[in-house]
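Have a look at the structure below, then the notes.
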Amino acid sequence: MLFLAPGYIFPHVATPVTVAIDFAQAVKEGAYSFLDLKASPVPNPELFQPPSRVSIGMTGGREERNEEIIRGPLNYLLSLPGKDIRGKLIDALNEWFRVPEDKLSTIKEIIVILHTASLLIDDIQDSSQLRRGNPVAHRIFGVAQTINSANYAYFLAQAKLADLNDSRAFDIFTKGLLKLHRGQGMELYWRDNLICPTEEEYVEMVSCKTGGLFYLAVQLMQLNSEVTVNFSSFINLLGIIFQIRDDYMNLQSGTMTKTKGFSEDLTEGKFGYPIIHSIHAAPNDQQLIQILKLKTNDEVIKQYAVRYIESTGSFIYCREKLDLYLQEANETFQGLELLLGPSKGIRAILNFLRTR
């Protein structure tokens, strides 16, 4: 997830040099992979005036080269194709919202930047080796440079809010990032202290971590739309389905093995959904907890762990819960269609989430 909650948009510098920040081309080329919050005015609305360029304290002719260096890890990950489920969701929702194209492009850029930055930090926090089938950024650029690039990216995304010309966007953005950090913080706490959460605690965490970024996009879209329907429940459901499916695929999918490594959640010591169920299904058996504690790369041990999870009925349970959540999401979707009309894009996303 995310690493640093951002503050104000433009730092005050003695001799600022204007550097254009434009991710639109990357978005167009597809080069990258819940709570209702009442918005309030930003501390200083003047910070939101166009043009949407970032002033940074660098002088002379080196700023362009320096910008490439600073953004190196970010640009590296942007260049690796991903599923782009968030971009597809934004496009699908816009069948209802009808956000103007320029505003929609800005919102996509913001979400792409935030998601990519969060992956840079995720991979460091999880000691990951692969991302999208390639070496993680910090193995190439180093940990310190990657952290700095990710943090820099949060402010790039924040600066893009000016293009929306709505001071409420700052409040939505800030509260959204706080929520994302809360979810990530709890997941890291459970992992590092070897505390297995309950299913309810897991769902609450996912609502912050995964569903939170989905809903941030929705809130920014609704600033530029006449549609005022509350989407929080539906988006929350999509986030839960997406994360449970991801946890399931991590332990069961050959495709996931190629892109992230075999059963990477076991190596990370992560309490994914099937693992949580398996531990609670046999609370007096310490085998799985001990394997998580090892954070092992040993495939023999990980294969045994997968068989153990299977033996507790946890994969069956996971599939059954996914079906229930998908049924609820489909019923909610049908209600939204009655209000707003059909959406082929949302239906396609729901169909995608059914595949395993």
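Just so it is clear, glycine is given a Cβ too, placed from its N, Cα and C backbone atoms.
Lifted from Swiss-Prot, the feature list:
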- K83, R86, H115, R132: isopentenyl diphosphate binding site (BINDING)
- D122, D126: Mg(2+) 2 binding site (BINDING)
- D122, D126: Mg(2+) 1 binding site (BINDING)
- R131, K209, T210, Q243, N250, K260, K270: dimethylallyl diphosphate binding site (BINDING)
- Y154: site 'Important for determining product chain length' (SITE)
- D246: Mg(2+) 3 binding site (BINDING)
Taking the Cβ of Y154 (site 'Important for determining product chain length') as the centre, how many other Cβ atoms fall within a 10 Å radius? 22
Comparing local Cβ density (other Cβ atoms within 10 Å) for the binding-site residues K83, H115, K270 points to H115
All-chain count of other Cβ atoms within 10 Å of R86 (isopentenyl diphosphate binding site): 21
R132 (isopentenyl diphosphate binding site): which of the recorded positions Y154, Q243, N250 is the nearest Cα neighbour? N250
Listing them in sequence order, which of the binding-site residues K83, R86, K209 have their Cα within 10 Å of that of D122 (Mg(2+) 2 binding site)? none
Out of K83, R86, H115, D126, D246, point to the one nearest K270 (dimethylallyl diphosphate binding site) in space (Cα versus Cα); all of them are binding-site residues in the record. D126
State the Cα to Cα distance, in Å, between D246 (Mg(2+) 3 binding site) and R131 (dimethylallyl diphosphate binding site), rounded to an integer. 14
Helix, strand or coil for N250 (dimethylallyl diphosphate binding site)? Use DSSP. helix
Find the one among the binding-site residues K83, D126, K209 whose C-alpha lies closest to that of Y154 (site 'Important for determining product chain length'). K209
If you measure Q243 (dimethylallyl diphosphate binding site) to K83 (isopentenyl diphosphate binding site) at Cα, how many Å is it? 14
So what sits near D126 (Mg(2+) 2 binding site) in its own chain, CB-to-CB under 8 Å and at least six residues off in sequence? E264, E268, K270
